[in-house]
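The structure appears below as structure tokens.
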Amino acid sequence: MGIISDNAQSHSSSSAPAPSIFSSSFATRIFSDVAGDITIVVDGESFLLHKFPLVARCGKIRKMVAEMKESSSNLSHTELRDFPGGSKTFELAMKFCYGINFEITISNVVAIRCAAGYLEMTEDFKEENLIARTETYLEQVAFRSLEKSVEVLCSCETLYPQDIAETAHIPDRCVEAIAVNACREQLVLGLSRLNRGTESGELKRGDSPEWWIEDLSALRIDYYARVVSAMARTGLRSESIITSLMHYAQESLKGIRNCKERTKLDSGTFENEQRNVLEAIVSLFPNDNVPLSFLFGMLRVGITINVAISCRLELERRIAQQLETVSLDDLLIPVVRDGDSMYDVDTVHRILVCFLKKIEEEEEYDEDCCYENETENLTGSMCHSSLLKVGRIMDAYLAEIAPDPCLSLHKFMALIEILPDYARVMDDGLYRAIDMFLKGHPSLNEQECKSLCKFIDTQKLSQEACNHVAQNDRLPMQMVVRVLYSEQLRMKNVMSGESGEGLLLSSQKHSSENPSRAVSPRDTYASLRRENRELKLEISRVRVRLTELEKEQILMKQGMMEKSGHGGTLLTSLSKGIGRISIFGGGPTEGKLRNANRKSKSRLERKTVRSRPESMF
């Protein structure tokens, strides 16, 4: 009789006699006076056995013997093809038929159960037959433990024929047992933590909610996918599922760097396996956010092994959902094709498209919902904040890829113009990126330079950037003139008495005149912050220029004292000259400050000719 035991107290299969001695051993012990009357061949090995104990428990052998009698064929020789587990498992099944005890273990229970099903060792022929014994072991031992259920499922992978275990529904039951046990352990761990409170102690293997992750990594991808799907159905935490997916991917795809070398040896088998693994893992992602670094890693691997387009688009969509938290290193995706640019800007462009689509959908949803104004403004502010973060990241990304000589102007401009104007409070970062692109692509003609510089809003450049523009010989003259003109207009506005308080009051008045229209943070909050910052910068510049004018006034007085004989003529000439170069067109009411400021601007332009910087930053 077969023994269901975890202890090796009975005769083990490893200590069984060789097949050539197998039948004679049974004959001397049980049927010492009866010679073997049937020979069964399994995987090329012959077993000389007795019909009586076999037909008493094996329905298949009983049918075979009956058919041989009817056909008057050789009654003493037959072959069992595609026997589950091979000759070793058949030997254990024969031991059971002869009443010899052996050990059923986690490693052999699947093979024995499938062999019993193949031989039709059901209760119809004998009570407590081999199928019933193995089922009892599975239910009472294997399926009650997550770890043992995983081992049983792993043994299903190596069994031949591969689909024989499915006929007994063993993989399905293993999958459900793993999912149920994982959820049970998650619940038990939570309750134990509540009972323990703040008490400290060493964590055992079962105290960690994800201790089983390492065990699942040994599964084949199709079985692993079934386990993860079952865990999601039974309510396992998404964090645990994501952690398991990340660990499985790292273990399964860690040899991807040598993928090209391996594919030459095995005709693409390794690459196909990696592709199937990656696509399956992506399809198992829960709705919760997956860590960005892991998503970018999967995307890089997917590009390398050329995964399906749908898989790449799903990864790009998930990255776009949390693009505001991305780092510059994540965006620098190398190109795998030779002769192209260094970085994959097309992928980044698609990610930006998905991100902007998400922002647009969120804004439309907020408009459709009848929430209070505070809630609407808060949601809009969050969207605008995400846009500003992405704008800063993209400026850094543009500056990083700009020196690449293989990067085309068309792709560079496409990355710039995809973001709206309100995604940047200041254009200093954009100007820096464009300047680096011009420096790395000296062959651009004047028209191409103009089309590139048109994206820079001169009103959103800091004083430092404006000073750099005025001395940058890589820029078209039209760009320099626009910056100088913007500087003059800003100075005129500052000196005419416009202040931040006036802008704020004007904005509030405009809002009060349109009470039915919801104020968009994109149009008010960001613009007010930008204008306040510009006003502070203008005030600082005015103070510096006033100091310079005071110094110039002292120098002028000293010169007039030295040339007292021509003092009146010199003063008259200076007054006329300053009046002619007055930019604002003001009369005497404008004061000496504006006239002297024009002289300072002329001196700045003369300095431009003397020195040209190589780079802004």
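Note that the numbers count up from 1, one per residue, in the order the chain is shown.
Cβ atoms here come from the backbone N, Cα and C positions, even for glycine.
Of the given residue ranges 253-273, 505-525, Swiss-Prot assigns the label region 'Disordered' to 505-525.
According to DSSP, Y431 (phosphotyrosine) sits within a helical segment. For Y431 (phosphotyrosine), the number of other Cβ atoms no farther than 10 Å from its own Cβ, over all displayed protein chains, is 30.
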